[in-house]
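Enquirer: I have a structure I would like to understand better, so I am pasting it below and will then ask my questions one at a time.
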Amino acid sequence: MASPPPPQFVFPPNLIPDEANPPWMSKGDNAWQLTAATLVGLQSVPGLIILYGGAVKKKWAVNSAFMALYAFACVLVCWVCWGYRLSFGDELIPVWGKINVALSQHYLLEQGFAGKFPNATMVFFQFVFAAITLILIAGAVLGRMNFYAWMLFVPLWLTFSYTIGAYTIWSLNGWLAVAGMIDYSGGYVIHLSSGVAGFTAAYWVGPRLTKDRERFPPNNILLMLAGAGLLWMGWTGFNGGDPYAASIDASLAVLNTHICAATSLLTWLMLDVLVFGKASVIGAVQGMITGLVCITPAAGVVHGWAAIIMGICSGSIPWFTMMVVHKKSELLQKVDDTMAVFHTHAVAGTLGGILTGLFANPKLCNLFYGKYGQYVGLFYGFHMQDYHSGFRQVALQLLGVVFVITVNIISTSLICLVVRLIVPLRMTEEDMEVGDEAAHGEEAYAIWGQGERSENSRFSTYNDMEIGKAKGKGQVEMT
């Protein structure tokens with residue numbers, strides 16, 4: 001008697017591959033990656049827009065928010081036209097890819113260089129990281145940089161600085177990536193870069209008005225907190241999206257991110273209370289940011305207890321550099337870093353990179369990189385009696401710090417020197433006295449009447465247009 005044929009496996013209808021869902025694509029991973037990218041995008045728009053808009057003096061609210069909005073739009077156009085392929089394309093040199101566009105249907109619908117989703121998803125995901133880096137730099141020069149200089153600075157810095165760091169550290173063929181340096185989600189590429197570049201740009205742009213440096217109160221702390229909240233929650237996508245899969249490593253990265261941020265906030269808060277006698281909400285936000293930055297290079301490759309230790313370090317060491325070292329250093333006093341980007345991003349990013357070299361777990365690194373034994377934190381090197389690998393990892397992390405600092409000081413300085421040959425980097429003293437209305441002809445708040453402006457106000461182009469429409473309508477009605 002013949003045995004019955006084995007049952008045939010049949011895919012559920014929603015999993016059957018077709019032209020729109022090729023066999024190599026995971027619908028779940030693609031959906032998560034697009035969600036993570038959107039969360040990171042929301043950190044910038046509207047997150048940092050309203051954080052900057054609320055954290056600065058009232059007369060700079062529009063200008064500060066607009067610098068962030070402009071950077072987000074400008075980076076996207078530059079990214080698809082040349083930035084993405086410079087950062088993740090074919091190798092030109094060990095620190096830079098070959099220039100090309102990321103716009104053709106053929107290219108965008110192919111599988112990405114990592115993950116089970118198309119290039120279109122990867123291009124968008126990497127774009128939001130590039131955009132937030134430029135917006136973080138803006139934080140260092142708020143309150144005086146010429147907006148037209150900023151319009152030139154953004155595409156130039158993206159092209160000649162960001163792409164170099166991204167390719168070197170994140171591209172599969174990048175020099176430091178091949179060597180084995182760990183930067184899980186941008187502690188070096190984004191935060192150390194933006195902190196150093198922002199500080200360098202602040203040096204070249206020059207300081208705010210003396211009275212603004214002496215007194216620069218936030219115009220809306222609640223609005224600033226709303227932006228900070230978006231920044232914190234958006235970090236779920238920032239670090240959770242970097243395994244390029246909806247995996248257990250992504251889950252660990254998300255949890256570690258929030259553990260470190262909360263621990264850092266509480267540490268900063270306690271230091272404020274102990275030293276100054278008051279709990280500062282602005283200080284709490286700074287502590288939150290330093291915790292998020294510090295865990296970024298390590299999020300998915302360290303245990304939860306390491307995230308707590310990193311949070312304690314990120315809530316105390318940047319606090320010390322900002323509150324103690326800054327006041328005693330002539331260089332730090334001379335450079336006017338409006339939002340303290342140097343301390344919250346450069347110091348915290350460096351700290352996170354070094355601590356990653358200590359706490360990186362070989363098994364967790366294998367989940368992320370798929371190369372067991374190549375990535376070994378120093379403490380695990382001691383435990384495994386593999387001292388060479390442990391010290392090598394710390395050395396690579398330090399080498400990455402030196403590389404990123406060097407590239408950003410040189411590139412940012414050259415870009416600022418080029419830009420100031422075309423337009424002034426800094427607004428005039430008279431315009432800085434006025435602020436938003438001098439820069440854009442617009443103000444954030446109306447403080448009289450029902451939103452009307454005084455007759456002496458310099459109306460913007462759009463206000464003039466509205467007035468013209470109203471007059472024309474009145475003339476028609478009268479006739």
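Glycine too: its Cβ is placed from the backbone N, Cα and C atoms.
I grabbed these lines from TrEMBL:
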{"type": "TRANSMEM", "residues": "31-53", "note": "transmembrane segment"}
{"type": "DOMAIN", "residues": "31-445", "note": "domain 'Ammonium transporter AmtB-like'"}
{"type": "TRANSMEM", "residues": "65-85", "note": "transmembrane segment"}
{"type": "TRANSMEM", "residues": "123-142", "note": "transmembrane segment"}
{"type": "TRANSMEM", "residues": "149-170", "note": "transmembrane segment"}
{"type": "TRANSMEM", "residues": "190-209", "note": "transmembrane segment"}
{"type": "TRANSMEM", "residues": "221-238", "note": "transmembrane segment"}
{"type": "TRANSMEM", "residues": "281-299", "note": "transmembrane segment"}
{"type": "TRANSMEM", "residues": "305-326", "note": "transmembrane segment"}
{"type": "TRANSMEM", "residues": "338-360", "note": "transmembrane segment"}
{"type": "TRANSMEM", "residues": "394-423", "note": "transmembrane segment"}
Enquirer: Which residues of the same chain, at least 6 past either end of the transmembrane segment (31-53), have a Cβ under 8 Å from a Cβ in it?
Expert: 61-62, 64-65, 67-69, 72, 115, 117, 121-122, 124-125, 127-129, 131-132, 135-136, 138-139, 142, 219-220, 223-224, 226-228, 230-231, 233-238, 240-241, 244-246, 250, 339, 444
Enquirer: So if I exclude everything within five residues of the ends of the transmembrane segment (190-209), which remaining residues of that chain have a CB under 8 angstroms from its CBs? That is, six or more out.
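Expert: Same-chain contacts beyond the flanks: 129, 132-134, 136-141, 143-145, 149, 153, 157, 161-162, 165, 216, 293, 296, 334-338, 341-350, 352-353, 401, 404-405, 407-409, 411-413, 416-417, 420, 425-426, 429, 432-433.
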Enquirer: Note the mean pLDDT of the domain 'Ammonium transporter AmtB-like' (31-445), expressed as a whole number.
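Expert: Reported value for the domain 'Ammonium transporter AmtB-like' (31-445) is a mean pLDDT of 96.
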Enquirer: Any contact between the transmembrane segment (394-423) and the transmembrane segment (281-299)? By contact I mean 3+ C-beta pairs closer than 8 Å, pairs at least 6 apart along the chain.
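Expert: The answer is no, given that the two segments have fewer than 3 Cβ pairs within the 8 Å cut-off.
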Enquirer: Which residues of the same chain, at least 6 past either end of the transmembrane segment (221-238), have a Cβ under 8 Å from a Cβ in it?
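Expert: Long-range Cβ neighbours of the transmembrane segment (221-238): 35-40, 42-43, 46-55, 129, 185-186, 254, 257-258, 261, 281-282, 285, 288-289, 292, 296.
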Enquirer: Hey, which bits of the same chain come close to the transmembrane segment (65-85), Cβ under 8 Å, at least six residues off its ends?
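Expert: For the transmembrane segment (65-85), the sequence-distant neighbours (Cβ-Cβ under 8 Å, at least 6 residues beyond its ends) are 41, 44-45, 48-50, 52-53, 97-103, 123, 126-127, 130-131, 134-135, 138, 142, 145, 147, 150-151, 154-155, 158-159, 162-163, 440.
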